[in-house]
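**Student:** Once you've had a glance at the structure underneath, I'll fire off some questions.
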Amino acid sequence: MPTWLWGLLLTAGTLSAALSPGLPASADPCYDEAREPRSCIPGLVNAALGREVLASSTCGRSANRVCDSSDPQRAHSADLLTSAPGTASPLCWRSDLLQQAPFNVTLTVPLGKAFELVFVSLRFCSAPPTSVALLKSQDHGRSWVPLGFFSSSCTLDYGRLPAPADGPSGPGPEALCFPAPQAQPDGGGLLAFSVQDGSPQGLDLDNSPVLQDWVTATDIRIVLTRPAIQGDTRDGGVTVPYSYSATELQVGGRCKCNGHASRCLLDTHGHLVCDCQHGTEGPDCSRCKPFYCDRPWQRATGQEAHACLACSCNGHARRCRFNMELYRLSGRRSGGVCLNCRHNTAGRHCHYCREGFYRDPGRVLSDRRACRACDCHPVGAAGKTCNQTTGQCPCKDGVTGLTCNRCAPGFQQSRSPVAPCVKTPVPGPTEESSPVEPQDCESHCRPARGSYRISLKKFCRKDYAVQVAVGARGEARGSWTRFPVAVLAVFRSGEERARRGSSALWVPTLDAACGCPRLLPGRRYLLLGGGPGAAAGSTAGRGQGLSAARGSLVLPWRDAWTRRLRRLQRRERRGRCGTA
């Protein structure tokens, strides 16, 4: 940067006045007139103004005839380097008298938070030193890296060649060695360093992470290594006593807010932090707020604000998380996943109703009562869940209604919870047209009576053994009568492949008319079907389900049979049926 420009900036403390904290000129620089987010940065400030300076050597700590820290008129403390200018002849910090090497004196300025540096300047009240090192820290003083060196002998002092006129030759910024500060007519001197002087031309701060890292600092350290005295002092010989003297240490920079804030403020703990916008938070606006993670955090640029977006949860969640895989699959548009959806909603965006609820078409999706309970009838419905769009519950046979709360036309209510609605009976055939006369039943079949012992041999001779509950009266369909049943337990399954659940039991119409077997709605029965004696072609003329044709046995259920049948079932699985 040209010397005349530094002189303009540093005269009469104009920078400190221009860079004092305050509200931005625009009401909200982080948003345009349409309230769309845009990149914004804090104003240029003197980051060192009013900050404490830690000096390794200060004249007057031990009182002498020149300096006395207890006397305001003779005190030359390091705080004078960063105090606001207000006197015609500024007071200067002075180091102790230095008589022999090493002549190193360090001035350290903690900036309080990360800043993006523009320049560093230091005005000397006496002849400026001929060797100075400028360092920065990005971790509040835990580690240091050089920003630049200033020397009349770069190779001897720092092992570096003088800085080329066109900047560094490498692809990224580097600490170069510049000429030592020049003495001025008033007897002092000026150290002026532009941070951009150490970076190659053409790098764009918005789009260069390397340059962003280069200009970022939380602390600045100036190391004065060789005073301006005659002769070479590197050999450590005794010289004329000398002390460094300087004033107006300025660190021009902006609060590092990554393009998401236009100013910095003091928080409740007195720490300097960015006044973050665009859904960001943190001292440097370097992360998204907890609910603003629909896309990953990015630094704002002049082309794109990269504002953090709130997750789309339709007002039903307060927390969400970011999923990179979903973000990629969406074409880098949305990656938020809502957590702990409320108001009976579910889904990534809390956009549908959870199981047992359905969407109320009369309310918007963001309404707290957008999801209504299915309220399926405990007897008439086959389950507790309903269609999430229409609210229709799954009804049992013969049951209808949105909640399955009434019998369908042609059905009447029964006392069975298995089949709450049965087909309305139609008048049966007259005595003249009855296919089986009462007097013929005795010769046709005889209902099972008395006790019945189930042996392994009898069990193995049957195709299947199941426990069924009759849901309604039988319905004659030609030569077969159909009884709706529920299979409650399966002890043996043969070719019929009996399974638990709703089914049908087919009984020959002649047998059903004579009560062989006699099946009553709501009762449970043991069905031993098939086996030797079963009628040939017994499946002809009937539908899917179980059959109780000749050779089958239907007995009123006894709970005591459960253990016996399970034991026979285990013996069958061990292959005992082949020996029975």
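Count begins at 1; order follows the chain as displayed.
From the backbone N, Cα and C atoms, a Cβ is placed for every residue, glycine too.
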**Student:** What is the disulfide partner of Cys395 among Cys386, Cys404, as given in Swiss-Prot?
**Tutor:** Cys404
**Student:** Identify the disulfide partner of Cys257 as annotated in Swiss-Prot; candidates are Cys274, Cys276.
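**Tutor:** Here Swiss-Prot pairs Cys257 in a disulfide with Cys274.
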**Student:** Whole-number Å distance between the CA of Cys308 (disulfide bond) and the CA of Cys514 (disulfide bond)?
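**Tutor:** The separation of the Cα atoms works out to 80 Å.
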**Student:** So which recorded positions out of Asn104, Cys257, Cys311, Cys320, Cys353, Cys577 end up within 10 angstroms of Cys338 (disulfide bond), measuring C-alpha to C-alpha?
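**Tutor:** Of Asn104, Cys257, Cys311, Cys320, Cys353, Cys577, within range: Cys311, Cys320.
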**Student:** Averaged over the domain 'Laminin EGF-like 3' (374-423), what pLDDT does the prediction give?
**Tutor:** 92
**Student:** Anything within 10 Å of Cys274 (disulfide bond)? Look among the disulfide-bonded residues Cys255, Cys264, Cys288, Cys313, Cys404, comparing CA atoms, and list what you find.
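**Tutor:** So the list reads Cys255, Cys264.
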**Student:** Restricting to the same chain and to sequence separations of six or more, state which residues have a Cβ under 8 Å from that of Cys353 (disulfide bond).
**Tutor:** Asn344, Thr345, Ala346, Arg359, Ala370, Cys371, Arg372, Gln388
**Student:** Give the distance between the Cα atoms of Cys313 (disulfide bond) and Cys125 (disulfide bond), rounded to the nearest whole Å.
**Tutor:** 63
**Student:** When DSSP states are folded down to helix, strand and coil, where does Cys320 (disulfide bond) land?
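**Tutor:** For Cys320 (disulfide bond) - judged by DSSP and reduced to three states - the answer is strand.
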